[in-house]
Amino acid sequence: MTFESSPVRTDWTRDEIAALFDLPFTELVFRAAEVHRANHPANQVQRSTLLSIKTGGCPEDCGYCSQSAHADTGLKATKLMDPRAVLQAAAQAKDHGSTRFCMGAAWRNPKDRDMPAIVEMVKGVRAMGMETCMTLGMLTDAQAKTLADAGLDYYNHNIDTSPERYGEVITTRSFEERLETLEHVREAGINVCCGGIVGMGETRGDRVGFIHALATLPVHPGSVPVNALVPVKGTVLGDMLADTPLAMIDDIEFVRTVAVARITMPRSMVRLSAGRESMSDATQALCFLAGANSIFTGDKLLTAGNAGDDKDAALFARLGITPMAAECKVELEAAE
Ligand code: SF4
């Protein structure tokens, strides 16, 4: 299904985005709902499943992540999974109604020796008729092309937060390196999945900067995951927030962030990701009203808990939401 009705702008200014955040709450959600309805089926939500194909021991120092070797979370590092086990998990996800299978590895970047197994996973999942997404860290130009040739549909690479805040959250790589990998992915012809995390103790100004960075990319990401930090003891941010719980984002501000993402990136899929497990049904319903139209299903999100299939099915039934079929996804076009 292709929708033509909303112009796609990549020239948003920070002031415009700040003004959206400042709108009265119901006005903001109303506008976001209008944009949502003009560009997507209003009561359909895409379901994706995320599998950790290589857990823990990551050399990066992302302050929110339990998989970082710099964190003290007791998480046991594993090797890259056997492609056959990955395909088994994908088949199960398909049986549970997922239309996209996302595979994540806790790496700074994949080694070339890992690529044959990765390619096997992509080809195998695609052969099941599901969309594929990978998140493997930074990619070279050549690795992006290899993944494109294997038929990878999406590559996830989050910018995490605003460019200004980035260095306070991660020191082992730069915001510019993130943008470089996104460019390699785009140039290889793979759809970009890119979002970040709110509730990391950032300011409203950082949330403005975060959405601004996404909405002014040369092409909007096809998927925009909006995560709420799940504080994990032993990580820098988890420990910090345990001492200052007021720094955590409140539900209204989270819904505002979803609404602003929807308005500024009208054709993207806006995905509720980590943090959904602890959200009330009412908050999730507000997020759907504000334009979120994709969720992760299953009991686990990499190493964090998730809402679980039964709970989601009950919520969908109460809200009259139907799962989005794979062919219903919006075709993104380059921004005019
Ligand atoms: S978020 Fe990714 S890159 Fe950062 S530490 Fe965790 S696994 Fe590594």
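The backbone N, Cα and C atoms fix where each Cβ goes, and this holds for glycine too.
C102 is the residue from C65, C102 that TrEMBL records in the [2Fe-2S] cluster site together with C133, C193, R271. The [2Fe-2S] cluster site, placed at the center of the C-beta atoms of C102, C133, C193, R271, has further neighbours from the same chain whose C-beta lies within 8 angstroms: S48, L50, R100, T135, Y154, N156, S223, P225. Long-range Cβ proximity for R271 ([2Fe-2S] cluster binding site), meaning a same-chain Cβ under 8 A and a gap of 6 or more residues, is found for Q46, S48, G195, S223, V224, P225, V226, A292, N293, S294, I295, F296. In this structure, none of the binding-site residues C102, C133, C193, R271 sits close to ligand 1 with a C-beta under 6 angstroms from any of its atoms. In this structure, R271 ([2Fe-2S] cluster binding site) is part of a beta strand by DSSP.
Sorted by the number of other CB atoms within 10 A, the binding-site residues C58, C65 start with C58, the lowest. Between the alpha carbons (Cα) of C62 ([4Fe-4S] cluster binding site) and C193 ([2Fe-2S] cluster binding site) lies a span of roughly 19 Å.
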